Amino acid sequence: MYDARHTEAQVDQTETKISAKGVQVYYGDTHAIKDVDVEIADKTVTAFIGPSGCGKSTFLRCLNRMNDTIDICRVQGDILIDGEDIYDRRVDPVQLRAKVGMVFQKPNPFPKSIYDNIAYGPRIHGLAKNKADLDVIVEKSLRRGAIWNEVKDRLHAPGTGLSGGQQQRLCIARAIATEPEVLLMDEPCSALDPIATAQVEELIDELRLDYSVVIVTHSMQQAARVSQKTAFFHLGNLVEFDDTTKIFTNPEDPRTESYITGRIG
Amino acid sequence: MSLIWLLGLVLAIAAVGYALGRTRALSSTNGDIRKLHSLPSYYGANVALKSAIPALLVLVVWLVAQPLIVSGVVSSDIPDSAIPEGSSRGLVMSEVKRVAAGLDGAVAAGTMSASYAASAQADMDDVTKRMRDAQQITPEALTPEILTAGQRFRAMVAQGKWAMTAVVLALAVAGAFWGLRESHAEFRARNTVERVTKVLLIAAASLAILTTVGIVLSLVFNTYEFFTMYPPLEFFFGTTWAPSFSGRGGSSELGIVPLLWGTFYISIVALAVAVPIGLFSAIYLSEYAGPKVRAIAKPLLEVLAGIPTIVYGLFALLTVGPLLVSIFGKDGFGWMQSGTAVMTAGIVMGIMLIPFVSSLSDDIINAVPQSLRDGSYGLGATKSETIKQVVLPAALPGIVGAILLAASRAIGETMIVVLGAGAAARLSLNPFEAMTTVTAKIVSQLTGDTDFSSPEMLVAFALGMTLFVVTLGLNIFALYIVRKYREQYE
Ligand SMILES: Nc1ncnc2c1ncn2[C@@H]1O[C@H](COP(=O)(O)OP(=O)(O)OP(=O)(O)O)[C@@H](O)[C@H]1O
Ligand SMILES: [Mg+2]
């Protein structure tokens, strides 16, 4: 269950990238996130685990203010990225989302060509000076998304024509193309086969060198393999947050232990 | 027995059959539903369908065929000597039918007995008088031949009615028995009902298609007749529309080009008004407006769709026309002579089409999955970037469909044109001049006294046919665009 990768990647004392304090989220009257405090370090992979419906996606969406698009959703508490409150009035959520990229639970390619899907973000943010520049960005992103070899001959075919797993990798590549500082991934591998999963995990490991990555996953093995820090959510509460090694070998809370050994969930 | 009664009886037989079929099937397994092949209600439905459908089918065919057969027989029995000079068998036959109806009316009013109405010895003057007493229309001079034929007609109709009632009821009962015999455990009632349902649905669809074919055929027939009198080349390429009504002499010029031009010009102005306003309001309503604004604004916008077109016509005539004249007329730019103009009709028609475009587009935009918007927002796109680059492209096939639907409505619109654009067929580029459209001319060709064999009258069918072909082409084009786009992105 625990392979060698995470032990060698012992967490150095890196600076905090995201710091959440006393976060509460309500959907109308439903209290979905209850008083969560979390410090997410820079250049680390943080995994969110927990049973279905415990609020992992909800909390993840708070980090790039995607919850703003849901009318009934209210977020309270402080979330700071690089020491700046992202829910401050002066912060433009659109700018924020360019900095904090997101890959969704369900693959959602745009009804455009594969090329245009990747080029979407760079075009909006003016990251490419000319067509050649854009071509480079597109190729680099597709390579990092571990899908280049499958699509290099049909860059102008529709992205919606790919298989589910290919679509998800396309979405990962699309998120990377905007060069975010933080990448939020909501169950990015739930539609992938073991080979593609391994490729994505490799990619995550590589991204860690430059970015802070937060990944939601239902696979304990995956969390153990790719992350250095793990947060366990249960019924909207953050039960335990610690080094991944610690969570998987010597959890403090009995609920964490039951969950990782498969007794609740 | 009247038709309603007959219908009721057939349905009653079917209903009784339903109940009997159900119980019979149940009793064949001693009340154990699980041993039946299908649910008991399917056995009932099988009986009901078998008794009602053939009976009703025969009823309909009979009702259509009987009058044709009866008048055929009676009319062929009228001796040639009974047809006066200058008249025809058809005219005499309608006289006969009138007499038959008169006798019916007189019997119903009680001015003659049923046996008197049928008697061969009746006196012409007396019969006429009695029919008049019952306030019936009578021929000027009733001849014995016509009276005999009329009596024959009545007799045959009455006989036919009895025969029909008997046959239909017998069929219903026989069908019920057929179904009942089948109501036992092994019979696959569910599959049978399924098949019958399918046939009924196919029948409904074919009826709709056949009606369309019928309409087209009637157009084609009359159009053909028109083209035997008027050269097609001059019709399709003639640039003057100047019908002279028969009687006044002189030959007409019936070129369709100015009418088609007017139709397209007005439609284009209308779409230029309706598409941007409709589309933008749809985008506002579906993407920006809060639920409260939406709840008020959407129904308000749709009220526009409920206004009858004649009211729009009045609006064009009384408000928009004078307004445009005050801006572009003699006192303003000097481009406009009078209130009736392409612009007037086009703008008002555009207003009429706004709710059409907006409510269809709104539905289509709402159907774009939220996950696509999330994906775009997640990459740091703004709302308008998301709409422009993700939502609208995804909704495009539907929006194109909505626009083309609006276009076919614009092409077919008549009332607003008559009141807003005038009646002058003209080929001009100036949108402030009066022009007219194909539909408006169809109306004016068919109103008034003209006989149905002159080219001036028949041209209406050729115009209708052309319009039909144009709209059909537009729809096919719309389908082509939608399909091409779908292939690309699905
Ligand atoms: N748009 C929404 N409107 C109302 N309630 C919501 C909405 N999204 C989530 N919730 C509720 O918030 C709670 C947390 O949902 P969330 O999607 O965050 O769970 P999750 O941990 O991501 O589950 P899963 O592992 O199944 O994805 C659930 O009870 C859910 O019903
Ligand atoms: Mg989730």
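Note: Cβ is positioned from N, Cα and C throughout, glycine not excepted.
Whatever TrEMBL says is automated annotation, not expert-curated.
Remember, it's a predicted structure, so these values are computed and weren't measured experimentally.
The feature domain 'ABC transmembrane type-1' is assigned by TrEMBL to B:260-478. The transmembrane segment annotation in TrEMBL covers B:43-65, B:162-180, B:200-220, B:264-285, B:306-329, B:335-357, B:390-411, B:458-482.
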Among B:162-180, B:200-220, B:264-285, B:335-357, which stretch has the most Cβ pairs under 8 Å to the transmembrane segment (B:458-482)? B:200-220
Spatial neighbours of the transmembrane segment (B:200-220) not adjacent in sequence (6+ beyond its ends, CB under 8 Å) are 461, 464-465, 468
The transmembrane segment (B:43-65) and the transmembrane segment (B:162-180): do they have three or more Cβ pairs under 8 Å, with pairs 6 or more apart in sequence? yes
